[in-house]
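K.L.:
Heads up, here are the entries from TrEMBL:
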DOMAIN    1-127  domain 'Nudix hydrolase'
BINDING   R21, H26, E32, F33, P34, G35, N117  8-oxo-dGTP binding site
BINDING   G35, E55  Mg(2+) binding site
Amino acid sequence: MLVKVAVGIILRDSAVFIALRQSNQHQGNLWEFPGGKCEPSEPADVALVRELKEECGIMVTEYAYFKTIAHDYGDKQVELCFYKVTGFDGDPVGKEGQEVRWVDISDLASYDFPDANKVIVNDLLKASS
Ligand SMILES: Nc1nc2c([nH]c(=O)n2[C@@H]2O[C@H](COP(=O)(O)OP(=O)(O)OP(=O)(O)O)[C@@H](O)[C@H]2O)c(=O)[nH]1
Ligand SMILES: [Mg+2]
């Protein structure tokens with residue numbers, strides 16, 4: 001089954017906001033860009049705004065589509081729709097108890113992400129160097 005996911009790369013100056021996936025989640029104990037599954041027939045950008053409000057408590061006001069990555073984890077096939085989020089009201093937090101961090105983009109290589117994120121992390125690193 002293919003799962004469609006909306007993901008936000010929340011940016012502020014040279015930093016990006018990341019969260020640690022809980023151990024009981026798929027790809028647990030790895031860092032992620034916040035986001036979540038699209039509801040049936042829900043557009044990805046609508047899911048993005050909803051998920052970042054639910055998970056991080058921010059109201060997204062400015063975003064731009066970045067890239068879609070399809071990945072097969074074996075146990076799950078995902079289509080991740082990544083957006084760069086450059087405007088939001090409020091300060092992002094871990095509303096579901098997840099550990100969160102603002103990290104400098106140039107330090108992203110020090111964090112372990114799910115395999116599907118590797119292309120995105122490399123894109124961000126290249127753009128920051
Ligand atoms: N949010 C998010 N999910 C990712 C990333 N990379 C990645 O492979 N995924 C995968 O995308 C899928 C859906 O994401 P999710 O678990 O956040 O979905 P959700 O917020 O709706 O969670 P829920 O199932 O608890 O309601 C998971 O299988 C997860 O492993 C990422 O950077 N951010
Ligand atoms: Mg989520």
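Glycine residues also receive a Cβ, built from the backbone N, Cα and C atoms like all the rest.
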K.L.:
How many helix, strand and coil residues does the domain 'Nudix hydrolase' (1-127) contain under DSSP?
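P.N.:
Its residues divide into 32 helix, 54 strand, 41 coil.
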K.L.:
For the 8-oxo-dGTP site made of R21, H26, E32, F33, P34, G35, N117, how many Å separate the two farthest Cα atoms?
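P.N.:
Largest Cα to Cα distance for the 8-oxo-dGTP-binding set is 14 Å.
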K.L.:
Using a 10 Å cut-off on Cβ-Cβ distances across all protein chains shown, tell me which of the binding-site residues (R21, H26) has the largest neighbour count.
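P.N.:
In terms of Cβ crowding, the pick is R21.
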K.L.:
To the nearest whole angstrom, what is the C-alpha distance linking E55 (Mg(2+) binding site) and P34 (8-oxo-dGTP binding site)?
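P.N.:
Cα to Cα, E55 (Mg(2+) binding site) and P34 (8-oxo-dGTP binding site) are separated by 7 Å.
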K.L.:
Give the sequence-ordered set of same-chain residues, not counting R21, H26, E32, F33, P34, G35, N117, with Cβ within 8 Å of the centre of the Cβ atoms defining the 8-oxo-dGTP site.
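P.N.:
For the 8-oxo-dGTP site, the extra neighbours are V7, A19, Q27, L30, W31, F113, P114.
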K.L.:
Around the C-beta of G35 (8-oxo-dGTP binding site), how many further C-beta atoms are within 10 angstroms, looking at every protein chain?
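P.N.:
I count 26 other Cβ atoms within 10 Å of it.
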K.L.:
So what sits near N117 (8-oxo-dGTP binding site) in its own chain, CB-to-CB under 8 Å and at least six residues off in sequence?
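P.N.:
Listed in sequence order, they are E32, F33, I69, L80.
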K.L.:
Could you tell me the mean pLDDT the prediction assigns to the domain 'Nudix hydrolase' (1-127)?
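P.N.:
Mean pLDDT for the domain 'Nudix hydrolase' (1-127): 97.
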K.L.:
List, in sequence order, the same-chain residues at least six positions removed whose CB sits under 8 Å from that of P34 (8-oxo-dGTP binding site)?
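P.N.:
Same-chain residues close to P34 (8-oxo-dGTP binding site) (Cβ under 8 Å, separated by 6 or more) are V7, G8, I10, F17, A19, E51, L52, E55, C56, P92.
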